[in-house]
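Some notes on the structure that comes next.
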Amino acid sequence: MASDNLVVLNALDTARTQWYHVTAVIIAGMGFFTDAYDLFCISTVSKLLGRLYYYDPSTKAPGKLPHMANNWVIGVALVGTLSGQLVFGWLGDKLGRKKVYGLTLILMVICALCSGLSLGYSPKSVIGTLCFFRFWLGFGIGGDYPLSATIMSEYANKSTRGAFIAAVFAMQGVGIIFAGLVSMTISKVFLMNFEGKPFNVDEVLSTEPEADYVWRIVLMLGALPALLTYYWRMKMPETGRYTAIIEGNAKQAAIDMGKVLDIEIQAEGDKLAQFKAANEYSLLSNEFFQRHGLHLIGTMSTWFLLDIAFYSQNLTQKDIFPVMGLTSKANTISALREMFETSRAMFVIALFGTFPGYWFTVFFIEKIGRFKIQLVGFFMMSVFMAIIGVKYDYLRNKEHKWTFAALYGLTFFFANFGPNSTTFVLPAELFPTRVRSTCHALSAALGKAGAMISAFGIQQYTQDQDVRKIKTAMLLLAFTNMVGFCCTFLVTETKGRSLEEISGEDGRQNETQMKTTRPVSGHPDDGWE
């Protein structure tokens, strides 16, 4: 009820949607644009790196990254992301969201630029330098996950909060599209001026020397969106919930949020003690486990399982495209042509499969709810991956390539109109202000642990384009999604409720506590909602 809440928090919950909410989505969302661009553009350039630095004339085949080098080039940013999520998530609760929010962008800008540099021209020096800077790039990207989600959830009104958080995350879809588009455009420009011969015509001249500039330009352009939003991110005030509930300064919260919402909010201190008392327990306390333990297990497990499947799809699609017939065989084209075709296929799949799913979530999350979207998404992903795995021999024939592409695209669609979006939204809503950023970070970090399994494990099944291994990988991912479907029952629906009502910060019991105190009879008058 509104009367149980602080005036400033009630003002945030009931405020009409206005321009400031939109700018907050853009400012926070550009971090995810950068995140997706930087993490996924490596898929478009990794084959080029192999042809440039690992060509062996004795093999009579185009150069490709050794398994270990390939895993580290792709996976090291995920290791950095996991580390950054934990560090910045904790700092966001201890120091405040705003104080550490700009540092993530600084890391992204510097390390994206440095990713295009290398110390020397030997394979070890180039790959070693690239991995070093991509780790710290991932570290900055990781910090953006808990901070952006928490800031958006604490700024938004309760009727559109899920849509706003999902819109921030949907910028990841835009970033994935641009990763393909930019790679495609730059490689095409170089092709128009420096195209080499097909590999089966001339093994040496098929790898254009100018291609060494292409991958560097693609990676360095990832700094641009982060750089453009740094000033506006620094102009954002601390969230009213953190200022009021954690810092105990209801007056400053009222001033800051009054400016943001362009309304006058009365400062209120008499209810502040109630909220601070409800927030005193720590993350490792028995009280936290009783109140929120199942929810934390639910958000961590579902994000972990989702990212095994989602990152496996994104990071290995470059290996599956030739099997689908969407790109030419490597030994029939030049290095730049291979990058162009891989980028084009990635762009098409993202545009028609990945991108729409994000925005379906934005438009329907407040109507259908987080819980149902996540359940259906996990289930449909499992169905389509199982079909691909079982019918793989049939689908890999060239005459069925568009059926294959449609099924593959639908798995992306239901990942994003499903658990890839909702696993980001739910941890930003389920937990109390004092530990909200940390709990989101823990959930996201488990997700990146799943992504690391895909980068260092699942890729072993697809990199050699072995039919039996790819079938095994798809069936394994289908099973993983069904486990995620089951783990979804550990979380609860959050739509239409204030953050304080969901977490029990307003002095009332949250849903986990209600389950332990509801009477067996279950009559409405006996305490059921």
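Glycine is treated like the rest: Cβ placed from N, Cα and C.
Here the structure is a predicted model, which means the values were calculated and not measured.
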> Going by what Swiss-Prot says, which of ASN314, ASN420 is noted as N-linked glycosylation site?
Replying inline: ASN314
> Do PRO198 and GLY496 sit on the same side of the membrane in Swiss-Prot?
Replying inline: no
> When each of 212-232, 345-365, 375-395, 472-492 is checked against the transmembrane segment (438-458) for Cβ pairs under 8 Å, which one has the most?
Replying inline: 472-492
>> With every protein chain in view, what's the tally of Cβ atoms within 10 Å of the Cβ of ASN314 (N-linked glycosylation site), excluding that atom itself?
In response: 25
>> For a three-state summary based on DSSP, what are the helix, strand and coil counts in the topological domain 'Extracellular' (396-405)?
In response: 8 helix, 0 strand, 2 coil
> Of the listed stretches 22-42, 162-182, 212-232, 375-395, 472-492, which one has the most C-beta pairs under 8 A with the transmembrane segment (126-146)?
Replying inline: 22-42
> Can you say which of 22-42, 212-232, 345-365, 375-395, 406-426 has the most Cβ pairs under 8 Å with the transmembrane segment (472-492)?
Replying inline: 375-395
> Between the stretches 22-42, 162-182, 212-232, 345-365, 406-426, which one has more Cβ pairs under 8 Å with the transmembrane segment (375-395) than any other?
Replying inline: 406-426
